[in-house]
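The structure under discussion appears below in the form of structure tokens.
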Amino acid sequence: MVGKRRKRALHKDFWMEVRKSRARFISIFCIVALGVAFFSGIQASSPDMRLSGDAYYNESKLMDLKVVGTMGLTDDDIQALKELPETDTVEGAYSTDVICGETDSQKVLHVESLNKEVNHLSITEGRLPQKSGECFLDSAFASGQKYSIGDKVVIRQPGDSELLKEETYTVVGIGKSPLYISFNRGNTTVGSGEVNGFMYVVADDFDSDVYTQIYVRAHEVDKVTSYTDGYDNLADKLEDKVKGIEAERCQARYDSVVGEAQEKIEDAEKELADGKKEADEELADAKKKLDDGEQELTDGEKEYEDGKQQLADARQELEDGKKELANAKQKIADGRSQIASARQQVADGQAQIATAQKKLDEGWNQYNDGKKKYNAGKKKLDAAKKELEDGKKQLADGKAELEQNQQELNAGIAQIQEGQQAVETQLAQLQEQIPQLEAGIGQLQAAVEGLEAAQNAVVQLEAAVQEKQSAVEAAQAARDEAAQKVENGELTEEELAGYEQALAQAQAELEAVNGALAQAQESLNACQQAAAQKTELEANLSAANAGVETLQAKKTELAQTLENLSANQTAIDEGKAKLNEEEAKLGPAEKEIAANEKTLKDSKKKLDASLKKLQDGQAEIDANKAKMNSALAEIEANEQKLNSGEAEIAANEQKLVDGEREIQENEQKLKDAEKELEDARKELADGKKEYEDGKKEAEDKIKDGQEKIDDAKKELTDLKYPEWILTDRNGLPEYSDYGDNADRIKNIGEVFPVIFFLVAALISLTTMTRMVEEQRTQIGTMKALGYSKISIASKYLNYAFLATAGGSVAGILIGEKIIPFVIIKSYGIMYHNVENTLQIHYELKYALLASVAALICTVGATIFSCVHALAETPASLMRPPTPKEGKRILLERIPILWKHLNFTWKSSLRNLFRYKKRLFMTIFGIAGSMALMLVGFGIRDSVSDIVHLQYTNLQHYDATIISDDDATDTEREALIESLDKNESLDHYTKIRLSKLTAPNGKSNLSVYVFVPENLENFKKDVTLRNRVTKEEYELPEDGAAVCEKTASLLGLKIGDELTLKKDDKEYHVKISVITENYAGHYVYMTPQIYKETFGEEPVYEDIVFSVKEEYKDQVEKVGQKIMDSPAVLSISYTESTIEMVDRMLSTLGVVILVLIVSAGMLAFVVLYNLNNINITERQRELATLKVLGFFDIEVSQYVLRENIILTIAGILFGSGFGILLHRFIIVTVEVDAVMFGRNIAPLSFLYCAVITCIFSAVVNIFMHKKLKKIDMVESLKSVE
């Protein structure tokens, strides 16, 4: 019973101590919580950043490899990639860069086709495009350019590249793409050289037979985490496998392109030969027609001359008739002769008319044959047109049906995938619970196994208690009997003492057995409780395993359903392929119909012309026939007149008059015939000219066709062998920067939290040590009362354990959630897509490490102090410790200074050096907190200095022109000429910029070799100087200038040789200058040193330029004009680099703010804790001052003056320590490609000192209130 009462008393005393010293307990709790929270929170931030990024990449199905072919990519390439076991998803895509906006505000958009399996877009507003003419726009670009849903985006395709069918698109959706996780959109070869945004359209909007790129996702990529060695190895393995089939696929593509081109050339040659033959035939026909027309004209002229002669003869005859009218007989005889001659002429004319009529009939026969052919061709053409329209309709119906099936299939797949995701989530939760349940069962098993032993022990101890109780009762009876005998004088006092001793011994044994029974009963209760818990956990485990089996079955069922849907997808794809083949066949058919229709139209024109010519010829023949008939009738009439008798000769005078009139009419007809001959001459001349023009046109066309064929053959001969350009995720804009930022957080977490935690742990250690020393009187009293050393120490160990464990748990729960959340959210400002997939996990490794370290510091210090105290006797412990011998301090040895100090100052100074442990701990605590704050501000200063130092003080050019390797010498010369004439430029420098590697142990360091052509301009572009002394250097002529960071990583100094690898061959150059540089690794050389090092003249392919001051805000506009040159591939602007670095560093500012705030909180807790300990330890001294008549304010000044002195000393020591710690941390957190600044701004020292002083003043206010509450009487009696 006594043992139980002691335990209860000790237990009650423990909780009273916690309640009584709440301030101390809370301070230990808070300081441990701060240390653990900061340590584990910062350490957990880096893996949480990686997990958050990886979750977004997996959710959006981000590609792992991008394949670009210099001759495009085909479905066969996609199939070949799909057959690789390392690939999971392979999908082709189309892309191009276009210009958007007016001339003064032109922007470059990267246009890409929508992907179904990879690179899923995040929709902020609207929906994805579903048909031609719709687009999905970059949210950042849409916001900057004021685009909204329903607006029209007008684009312009530069040069001859017209991959897009449309140039006006309607915005139907706005959002983000996983290919662009930040603000940078990459570079381009059009516009200003920089991509300003992206746009997605349906694949049908691209007019291309081949894909521009193929996206590949690796098999089982979801099982590894991005930015880890596991993922890098998976990506490298995938890239190696793709490279393995590159040669085969490129050869196949080359053969296909060459074959198609050769076939087209052969077709063109055949078409040219056919055209030449047809032209020759048409020219021959035209020449024959001209010859025939010329012969007809000659015949007509002859006929005309004959008619003219006949008319002259007729007139002569008429004159003769008049002269010989008197001699009628003679005239009649002459008349008969003339009639005979006329008859002969009529016969000749009729023969000519018969010949002409025969030719005309042949022409009519040809015309009728041509018309029959034309009608037959037109009928055939109409039938082909109808057949083409029917094919188009069937094709459209098939596409519509396939599209509907595709939409239904996509909806089914999405539903299955959502179900799979839900099953995976539930399965992961159950699988996470099962190990925990099994671990709990394992932990309880040992307790359950000890149940029977505990029960046996209780039974045995109960029996022992009864036995000892009987012994006590027997001893008591013997003692009472002996006492009675002593009173009766039968026994002596000495003999009675023997009985009393036996009674005391029996009572002691009973008490010991009772204590053992109580402990055994507690053990039994614990075992029984463990058995009940184990049963409950086993039931939960069975339920969890059953749930896992159910979910696994569901998962298998969903996978089978998804596989069935995938089979449907294959059928749809085959249907689409067949429709595409049919659609491809319609194109040539449509072209053939158009060509036939044109041929028919030409034939119709020729038939109409022939018809008109035949009709004109028939009219002319009919007119000549009428003339002949009239002439014949006239001859017959004249002959009748002659036959009517010579008696009427006198009456024929009138007839002579009629004859003269007829001659006049014939003269008019002769004039008409002459006019017709003139028209025929003109028509013949026009025909000849038309013939010559047609001949020349045909010859020109044949010549042009032959030249095109020759050019195509030359182009085919010069065709370069294709290659694949493989780009992994690191090629995406700012993808690798996210990983670098995670590494920076990791580097900060490896150093800064350790120092933070050490300060917190040391203060906790001091607090517990002081507590044990403070309660030495109580320890002595408990020891005198018979408490064991373990029982006494358990109070303080439990106190330390409870405060530390509670603080650790609170720190872990808060730190590993809030700090990673704040850091990742801050990076979300720059990496906007990642903040929606935050992955904040408890990292058990860091939590246990911080908790165990905190427990070792506090509990270990408590054990050490308890062991030291418990080694003394109870009497010495209950007496106050012997005061330390007073010593003169250093200031007392300086009389001039010491004599001028008043009593309070002298007392404060003596107290400072009297309590040296408190002096050093306070200074160390304040200095540590000051140093941590200073490091936080210093990192901010170092990081923010990079942009100003690198791009203002060291590199001064505004942009870099990247030349096109395929540009001709003429194009390059034209570029230089345009730069010379560009009035916006201040100067430009042609450079050789080569990316080489420098061996660095097992790895290689990427360095840029920078060789300027003009050394005078180089001084304007780059400043070489020493970072510490600021001494500026010329570009050395006896070696190279190497950046400080590069030399540091390679362990080189001035005079050493730098090894560079180029094309797997090593070259060596002497280091003559080590120059200041903060971004990238540069090696600067003169052209002569480059030639001596590499054995070749430098080829200046790139150009850096600076614009004049008045054009500094128009650099991109200047660059747009330069981009018009075909010799320019792209332009990289310094301002864009500065903006990108600023965005990156702005996110680091929030992280630094977390460091500063945490360090400030630590400073406050340290000051409060140490001051609280100081007042508690000196309570009697301060009460004495109050008894002596000191006012509260004077007592506060007496104590707090020491705090002020220690704060100032801590600030001074903390500044020095902070400088050293800042240098160490800056070097530690730097990544290979960046060097941070090494200096802390003076204002940062001032900020840290002011914050520390503010915290000290706030703590002093709290301490003043505590000093006012000191009870003088109780404090002075505390020793008693």
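Numbering starts at 1 and runs along the chain as displayed.
Cβ atoms are placed via backbone N, Cα and C, with glycine included.
The model shown is predicted, which means the values in this text are computed figures rather than measured ones.
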For the transmembrane segment entry in TrEMBL, name the matching range from 28-48, 1204-1224. 1204-1224
Who are the long-range neighbours of the transmembrane segment (1244-1263) in its own chain, taking Cβ under 8 Å and residues 6 or more past its ends? 926, 929-930, 933-934, 937-938, 940-941, 1160, 1163-1164, 1167-1168, 1171-1172, 1175, 1196, 1199-1200, 1203-1204, 1207, 1210-1211, 1214-1215, 1218
Which residues of the chain, 6 or more past the ends of the transmembrane segment (844-871), have a CB below 8 A from one of its CBs? 28, 32, 35-36, 39-40, 43-44, 757, 760-762, 764-766, 768-769, 772-773, 776, 779, 783, 789, 792-793, 796-797, 799-801, 803-805, 807-809, 811-812, 816, 877
Average the per-residue pLDDT over the domain 'ABC3 transporter permease C-terminal' (751-870) and send me the rounded value. 76
Which residues of the chain, 6 or more past the ends of the transmembrane segment (799-824), have a CB below 8 A from one of its CBs? 14, 17-18, 25, 28-42, 44-45, 48-49, 52, 745, 764, 768, 771, 834-835, 838, 840-843, 846-847, 850-851, 854-855, 858-859, 861-862, 1150-1151, 1154
Could you put numbers on the helix, strand and coil content of the domain 'ABC3 transporter permease C-terminal' (751-870), residue by residue per DSSP? 104 helix, 0 strand, 16 coil
